[in-house]
Amino acid sequence: MKEEQRSLLLSSSSCFSPPQGVRLSYGTAGFRADATLLQSTVYRIGILAALRALKMESSVTGIMITASHNKVTDNGVKVADPSGGMLSQDWEPFADALANAPTPQHLLQLITEFVKKEKIPLEGVRPATVLLGRDTRPSGESLLEAAKQGISSILGVAAVDMGIVTTPQLHWMVLARNKGLKAHELDYFEQLSSSFRCLIDLIPSEGRMSERDLKLVVDGANGVGGEKLEVLKTMLDNLFIEVRNSGKDEGVLNEGVGADFVQKEKVVPHGFGSQDIGLRCASLDGDADRLVYFCVPPSKGCSNIELVDGDKMLSLFAIFVKEQLHTLSKEIGENTGSNYQPRLGVVQTAYANGASTNFLKKLQLEVIFTPTGVKYLHEKAAEFDIGIYFEANGHGTILFSESFLCWLEARHEELSSASKGSEQETAALRLLAVSKLINQAVGDALSGLLLVEAILQHMGWSIHTWSELYQDLPSRQLKVKVVDRTAVVTANAERIVVRPPGIQEAINTETAKYPQGRSFIRPSGTEDVIRVYAEASTQEAADSLANSVAILVDKFLGSG
């Protein structure tokens, strides 16, 4: 490393001292904490994103400043890799070390060693760019400046401020830039709206819904998603969206609103009530990467809702994609078409409701499990020609492999010339439109919402028809405080405990006492607690099973 680069790092880092007595860790959501603690960390992540851009041949990375569904006084920072996805797990230990380096000298030594090990070209050998985005939190502006300082402390790397954007927009922009495509917010809106319009135009006219059925009421969580949806809805036909909690009024970000609140509490968000009984409603989270649907049934009033979560979104998408693939594989007269059979798979975690897994298996879909965390789901989904993943919290997407999309484009051209207007050609067009509508980089509440709406119109389904695909098994989650959470080691996508010995057998014995019983435990990623999950045929049984397993955890590992 040349002296100019060394002195630049030393001088800039001296302005960003890490908070005393605080140790931060880079997880699936990046770094998150009270915003007052993050100035130094965000500066250092600017350095990391710059180095990552120099390391990769695709020379654009991204930084998103957000704390998603956390309270408004929190903030966070995460890196978008050149693929548009999350930071490679290989670099997470470096992120931890950077954030916690105590002095500028320690920081410089760490960077020097890492640059050498990773063979990263410095001193402007290769031009590189980091795109910056933030949500609507008041703390975002000063943290953005810290990120810019970090990026500019690496020679040859430029910071480009994309403004206030949703997290999925920032990830989409990174992916688009690295593909050499237009990557501004208007390009994002135009891609979503035109793809949605294409799917709607492919619905036979006799199957179109009434104007009342086309109405959707959306809770914007008083965050960036509500603000962006107000813009997007002006570009849409065949869908009437009313946005509440858009952030323009006096509401507070994520306070009594948002997908996380609705999914966990199962009650209406602020601003919704008896006037919405029977309507189709949806809720975004604070940075618009999660989405859940709900409706207020007349029999329950406003204190309870009929929740349609990420598991049911996965099921809806899987049904539609499978239907299109089946149509595409049909013979056309004497022409047998292609013998290619795309591999469709769905990916879940142990937290997916057992009823959803059973439903997907009855559809004869390939169901794969991964450990908890979007990064694991995304990685596994990418192994399929078409991989669909969702967590129950409403975070997920559909991934289409490049080889499948090349085949699909060629197949569509072939069908278009041989049998234009056939159901097979229409199925190919629908799948191509879905691949452009759904965000290929990360879970995206806005693109997911439009895909849900297009499929419901295609099927002619109400939210109630969708909700009744299957009945969720009652479940309960608990936390048990322990001395050392690392004493628990799991396998089989966290569904089996291999250490300490004996506890899995004890859990099995308890689970066998309950009809449709299922339970697992896993260590928290952030605190010394063990998380307990239980399902059974009734809520009383699920509660009882969860309590029994919690007692076992305390017996084997607890602090008494």
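Just so you know, glycine gets a Cβ as well, placed from its N, Cα and C.
The feature domain 'Alpha-D-phosphohexomutase alpha/beta/alpha' is assigned by TrEMBL to 59-90, 126-177. For 183-292, 309-461, the entry in TrEMBL reads domain 'Phosphoacetylglucosamine mutase AMG1'. Annotated domain 'Alpha-D-phosphohexomutase C-terminal' per TrEMBL: 479-550, in sequence order.
Taken residue by residue, the domain 'Phosphoacetylglucosamine mutase AMG1' (183-292) breaks down under DSSP into 45 helix, 17 strand, 48 coil. Long-range neighbours of the domain 'Alpha-D-phosphohexomutase alpha/beta/alpha' (59-90) within the same chain, counting only residues 6 or more positions beyond its ends whose Cβ lies under 8 Å from a Cβ of the stretch, are 26, 28-35, 38, 41-42, 45-46, 48-50, 52-53, 126-135, 137-140, 143-144, 147, 151, 167, 170-178, 221, 252-255, 258-261, 285-287, 289-290, 374-375, 378, 440-442. The stretch in closest packing with the domain 'Phosphoacetylglucosamine mutase AMG1' (309-461), judged by the count of Cβ pairs under 8 Å and taken from 126-177, 183-292, 479-550, is 183-292.
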